[in-house]
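Here is the structure we will look at, set down as structure tokens.
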Amino acid sequence: MASNNVAQFAAELKMPAGVLLEQLQAAGVQKASEDDALSETDKARLLDHLRKSHGATDGDKRKITLTRRHTSEIKQADATGKARTIQVEVRKKRTFVKRDDVSETGADQAQAQTDEQAEAELKRREEEARREAELLEKQAQELRERQERLEREEAERRAREEAAEAERRRAEEEAAAKREAAAAQAEAAQQAAAAREEAQRAQSEQSEQSAQDEARAAAERAAQREAAKKAEDAAREAADKARAEQEEIRKRREAAEAEARAIREMMNTPRRAQVKAVEPPKPAEQPAAKAAEAKGTLHKPAKPAGEAAAARPAAKKPASGAPAPAAAPAGDRNKKPGTGKSGWQDDAAKRRGIKTRGDSSGGVDRGWRGGPKGRGKHQDSASSFQAPTEPIVREVHVPETISVADLAHKMAIKASEVIKVMMKMGQMVTINQVLDQETAMIVVEELGHRALAAKLDDPEALLVEGEIGSDAEQLPRPPVVTVMGHVDHGKTSLLDYIRRAKVAAGEAGGITQHIGAYHVETPRGVVTFLDTPGHEAFTAMRARGAKATDIVILVVAADDGVMPQTKEAISHAKAGGVPIVVAINKIDKPEANPDRVKQELVAEGVVPEEYGGDSPFVPVSAKTGVGIDDLLENVLLQAEVLELKAPVESPAKGIVIEAKLDKGKGPVATVLVQSGTLNRGDVVLAGTAYGRVRAMLDENGKPTKEAGPSIPVEIQGLSEVPGAGEEVIVLPDERKAREIALFRQGKFRDVKLAKQQAAKLESMLEQMGEGEVQNLPLIIKADVQGSQEALVQSLLKLSTNEVRVQIVHSAVGGISESDVNLATASKAVIIGFNTRADAQARKLAEANGIDIRYYNIIYDAVDEVKAAMSGMLAPEKREVVTGMVEVRQVFKVPKVGAVAGCMVTDGVVKRSSSVRVLRNNVVIFTGELDSLKRFKDDVKEVKQGFECGMSIKNFNDIVEGDQFEVFEVTEVARTL
């Protein structure tokens, strides 16, 4: 019925009339009672108010969703050849939104585009569905129907649950209503009783009030218990019912899933297995065979495809498998001779089925392209290979160098994978490129394998085993004493006096540039001396001397004190743990001050014995011989304290003090024997060099047959010049020495190449950052390796950010034609240190214009290279102010611009000078003079006190009162 008043409208809305009146009042509709009339306008105002207050959206815009279904049928033949009809259903969901009138045109266009896209999408999906339908079979349709049935059952279950929930809520509401009614009745009874008792007994009001409270609480508890019991019973019933329904649904779902799983397995099973399943059973074979025998024709019993392949090998090798009667039936015994490998077959086996990729029918187990000779060789198990699901982690032994291809082979992956990982790491490599050990281990770990640093098949392990096995008798040996100190402090002169020789007088420049080894016989025994250079360039030589020594004589000039190389010698001695004997030389000079030297040495940590230290200080003079005996006494005393011993009757071991390339003798090495005895004819190994000792000379150049511990000798017969500081060891077999030397050469070469390759990118980036850097290429040839090493290091230290020394090649020996050819190709300068070029090399150098420089003092070589580098530096530009000009008047000349009439106030103005324009002592322009005139004549210069006319290139903003600062730019040569 129509709701014409408030009460009827409240009944229609199923809400109290009082609440509706309050909402109408809030909406601005004034209604006093339930009987007041209510118009449609009032209802609309109430609806707007409720939408605004509850956050409802504008009702004008509405959204409509349409779902369209399109069903089509596709006919497809299955594996058995039967035609099956497959229904394809395409569902499409479309949403329409009502928009404003202003955007109707745009909406129509958008709708048209949407329709076109929808049609295209529909066609695409139909095509996809048709392609997918080709792979579907009848079981897929049955699975979809079961899933729909499950969905319907799930929807029914949800409906039942919602009904149970509604029933439970209704029961709770009834229980709450009953509880409220009981509470109201109890409260009314309590109030009546209280009124009666209050009228009768005013004095016991407080006690009666407490009784009323207790009664009210008891009534409320009773009502609550009753309501809770009812609600609990209803909830229990609903829960039992829901649990039963869920259990039933779960069972149905599990059954449906099991059935779907079986269908999927059946669909995924190869068709060969399905063909096997429909083959005739075995019991039917025997009657067929008997019938065939009755006809007089021999037949083999038909076998399944799987058994035929297994039966043939058994027939060939009866001893390897089951007994022969089990593998071949009785029909094989009657086989005709010459029938070949295949034998007789029954009619069913001769009728071959259609050849398909997944099916090999006809009882013959062949592949897709199996030939007549390959029958029965390929089993079904060959096609059932399962790829490993987990990645295989391998332990990869990485040597010091390895190529990319070998590294990939060790990890059982393609080389392209290793190249990809290297590209991700920022390095481009090829398949044959050699990687160093560190880079290769990082690549292995990036690919998920374990990298182990490998030292496999190292022939040097034999040397370690030989060291462990040597247990010869230890006998006393002479001490090895190294003389160290600053340059020009008298080390060689001191040794000359001890040896009664004059080595210092024959040295170039009066300075030692080689390490010398001598042994001196004294009344108290033999002492071996090593004389080291004091120049700063020979740091490596001094370090080798300290490594091979037992005692260090530190020579300090009494008039010079502690110098940089003195401090370096102290640090070398302390690093080697070698005792120091200090010789304060040149005490015969008037300016000598030994006490000052002692104080400086104490500051460096060398404390004399009189100050409580452990270093003897001996004042000596290499010229007069004062204190030489005391020095030797202290040295031998230190040697006795050290108790130096070494095995004598054992293969020799030592260290290379110096090495050089002699044109007549070949590679020559000065060796200090540290243990054992070195004999002529022994096979020695020194670093990458090996050979048999052909000749052995002492320090005086006299031949000797053997050298014991602490004796220096010069040996010949090595394959190449060994590195200074290399360990020398005697081996029993030349073949083993060659093997170890070649192994070291290959390892050194591979490591060097790998490091060069790793540093290529960095050096390229450095060169890009440096920009234009001048290079001074040099080829260095020296007489001995120590001098060559020192010269190379000294020259490399001269490099700056603008000029860099590039050592193209450095070696020991004379200058040959190959060196000149290398210098021609690299445009290098050849430096010969105590060496000369042969006749052919000199002619070739003159023809090609190659500069060859000879030096015998390291100072001169370093100074001349430094001067050449200074000449390669870009000159420095300096500005020199030559004059000041004041503008007195400005003239505007057509086609010329502004011309300033000026007065030269200071210096001179030249036509070729540059100029700065100053206005209020602020530079506003810098440029060049365009013209300089005096009385309409061009002049080259104007001196102070004269007037002139000037114009400036590309500048016309000249004002009276401006000043011109005239300057010239000069280039000044720079020095390092």
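Using N, Cα and C of the backbone, Cβ positions are placed for all residues, glycine too.
For 48-63, 120-181, 213-264, the entry in Swiss-Prot reads compositional bias 'Basic and acidic residues'. Taken from Swiss-Prot, the feature region 'Disordered' covers 48-85, 98-389. Marked as compositional bias 'Low complexity' by Swiss-Prot: 104-115, 182-194, 201-212, 285-295, 303-331. The compositional bias 'Gly residues' annotation in Swiss-Prot covers 360-373. Taken from Swiss-Prot, the feature GTP binding site applies to 485-492, 531-535, 585-588. Sequence annotations record features per position, and here Swiss-Prot assigns region 'G1' to 485-492. According to Swiss-Prot, the feature region 'G2' maps to 510-514, an assignment based on similarity to another entry. The region 'G3' annotation in Swiss-Prot covers 531-534 and is backed by similarity to another entry. Residues or ranges marked as region 'G4' by Swiss-Prot on the basis of similarity to another entry: 585-588.
This view paints the features noted in Swiss-Prot onto the structure.
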| residue | record | DSSP class |
| --- | --- | --- |
| Gly485 | GTP binding site | strand |
| Lys491 | GTP binding site | helix |
| Thr532 | GTP binding site | coil |
| Ile587 | GTP binding site | coil |
Count of other CB atoms lying within 10 Å of the CB belonging to Asp488 (GTP binding site): 17
Binding-site residues compared (Gly485, Lys491, Thr532, Ile587) - the one with the fewest other Cβ atoms within 10 Å: Ile587
